[in-house]
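Q: So that we are looking at the same thing, I have put the structure below in structure tokens.
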């Protein structure tokens, strides 16, 4: 019977990680509904980007208050998870504080976890106040209603609960460590700069009660972590994982360089080639893409879809967007959220139809993102520059504009006039190309 | 013709068997827009003064296709690009200078994949290089002591990370360079990019150029310096909107330098 705990724990782990990996696979599949794009070149620059931006948080600190608070929570998350390793080993093998043999190193580690836990709670409280008390504008934009708003708060509550459980677990453990002549397997291990002040809470309780409490905290803590891990899939909090691949696969070209559509290059070359046989058979269908530009998520590339899953909905893009600041409908954050929502919808459709997407008479364009939003973009790259994890809402906007123009001829009328002018006169205005050097002789 | 601008064309150069040091890509705004033509001429005066061997394409130049590409018309963009590349390659152009950040960005970043490989420099970077090489001297002249703020064009700044060359040039004018609260990588768009120049803005509560002009007026400048013909138009309109045209001028960096030297 003494192995019951260990077996239960093993089952819990298998369920927790199993469900998690199942969902990760779903994300992987959904991302690969996008078209292929090569982002494997120049690995050294890519690793550098990832180290600097995801690991080093270099873009977070552009806004110092949020940046520093975020670094605390991030460090807390990463470092406290070292503790997770001990919890898993203890849980599986029925040991207790298996790493205690490290002596002073162990003590220092536990002490630093405790301090970080308190800092995380503090940071989370400030985050909560910024979001719900001060009501920073970017957290109250129209797209932040309903689940996106609740999601942000859930994460904060979750972190407070997890950190509190960690400290309570240590405090009760410390209490049992201090029982004269020792209690059960509670060896003296760890320094507890924070939970020593919580420990008196257990004074006067029977040791057996404290033991049950310790174990309860331990179980709740690890269960909480597993639940939290599985919550990621449904949440904007997925960025804690995807920020890494997202910064690795981000576009390395200068921000002003829009991608080249090779399918168009082929056609234009053929059009301009004087030697081409005008009566030749049309090119093989395989050469011609089914669509120019993007009207739905499957027309976007996989990096754009990865972007959508990585988006943290922090709204820095939107708060720096000139169109948004002047009251226009465009919100780069909404572009990313819409893309993710539509991708999820397509994914569910595929799951429900045994692996095949059954057309649902909906598209990302129109049903989620309107042409008005797309045409408000000045392509200034402020959103791309701002994003702490190198997402490019602009690339999605551009691909959808391409669809509007090349597939639907649905550009605003003045733009059609501009394009006609370029075509006929080689300038966006109605001037004759032969007059191009007139300025030389004018006053 | 009251002034003697020396503006050879590539065709004339070729006829004489010469290859200029640099091809000056004038751009559509620089060729046709009345305000931008002044920038073009100011830049040419500086090139003439510094004895830079340059040439323009003249009637052989055509739109780079930038506004078409940003409007989503990749076909039109690539047709323009390929025609221009054909002309540029025929003249064996190596180095191109332009006063338009949109032309600059497109020629530099988007032409290579279509077979156009050139060294492309923005006129501010080119003037800075002339200054560094001692081929050009800049003094304050009429601008000495004036308050100048520089509006970063998105396609020069964020898009291509050129922030220092224009500022270095402005500082040479012995002026007080004041920065707006949003500048460099945090700069705010003038509202013209992405083909917005050629259409009406979507409904909102303000025009982008007015917002940006407010940024500039906040630092109480005598002059708003620009490095892009479109920014120049947008900021000029913004200043008019705020009825400040009597006290605040919008000028391109090339104009500042040319005027300071009485060119």
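Every residue, even glycine, has its Cβ placed from backbone N, Cα and C.
According to TrEMBL, the feature domain '4Fe-4S ferredoxin-type' maps to A:302-333, A:367-397. Positions annotated as transmembrane segment by TrEMBL: A:6-24, A:68-89, A:109-129, A:154-172, A:216-234.
How buried are these features, and what lies next to them?
A: Note on the domain '4Fe-4S ferredoxin-type' (A:302-333): residues 27, 30-37, 39, 63, 66, 137-139, 141-144, 148, 151-152, 236-239, 242-243, 245-246, 249-251, 339-340, 343, 370, 372-374, 376-378, 380, 382-389, 391-397, 399 of its chain, located 6 or more positions outside it, place their CB under 8 angstroms from a CB of the stretch.
Tertiary proximity for the domain '4Fe-4S ferredoxin-type' (A:367-397) is limited to same-chain residues at least six positions away from its ends with a CB under 8 Å from its CB atoms, namely 49, 53-54, 57, 59-60, 62, 239, 242-243, 246-247, 250-251, 255-256, 258-259, 294, 300, 304, 307, 310-312, 314, 316-323, 328-336, 338-339, 341-342, 404, 410, 412.
Same-chain residues lying 6+ beyond the ends of the transmembrane segment (A:68-89) with a Cβ under 8 Å from its Cβ atoms: 13, 57, 60-61, 95, 97-99, 109-110, 112-113, 116-117, 119-120, 122-124, 126-127, 159, 163, 166, 218, 221-222, 225, 240.
Remote same-chain residues near the transmembrane segment (A:109-129) are listed as 69-70, 72-73, 75-77, 79-80, 82-83, 99, 102, 153, 156, 159-160, 163-164, 166-167, 170, 189-195 (criterion: CB distance under 8 Å, separation of at least six residues from the stretch ends).
Remote same-chain partners of the transmembrane segment (A:216-234), defined as residues 6 or more beyond its termini with a Cβ less than 8 Å from a stretch Cβ, comprise 9, 12-13, 15-17, 19-20, 23-24, 26-27, 84, 87-88, 91, 151, 154, 158, 161-162, 165-166, 168-169, 172, 240-241.
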Q: Over the span of the domain '4Fe-4S ferredoxin-type' (A:302-333), how high is the average pLDDT in this prediction?
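A: Mean model confidence (pLDDT) across the domain '4Fe-4S ferredoxin-type' (A:302-333) is 97.
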Q: Same-chain Cβ contacts of the transmembrane segment (A:154-172) under 8 Å, 6 or more residues past its ends?
A: 73, 76, 80, 83, 110, 113-114, 117-118, 120-121, 124-125, 127-128, 131, 190, 192, 194-196, 198-199, 201-202, 210, 213-214, 217-218, 220-221, 224-225, 228, 231, 235, 237
Q: Could you break down the residues of the domain '4Fe-4S ferredoxin-type' (A:302-333) into DSSP helix, strand and coil, giving a count for each?
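A: Helix (H, G, I), strand (E, B), coil: 20 helix, 0 strand, 12 coil.
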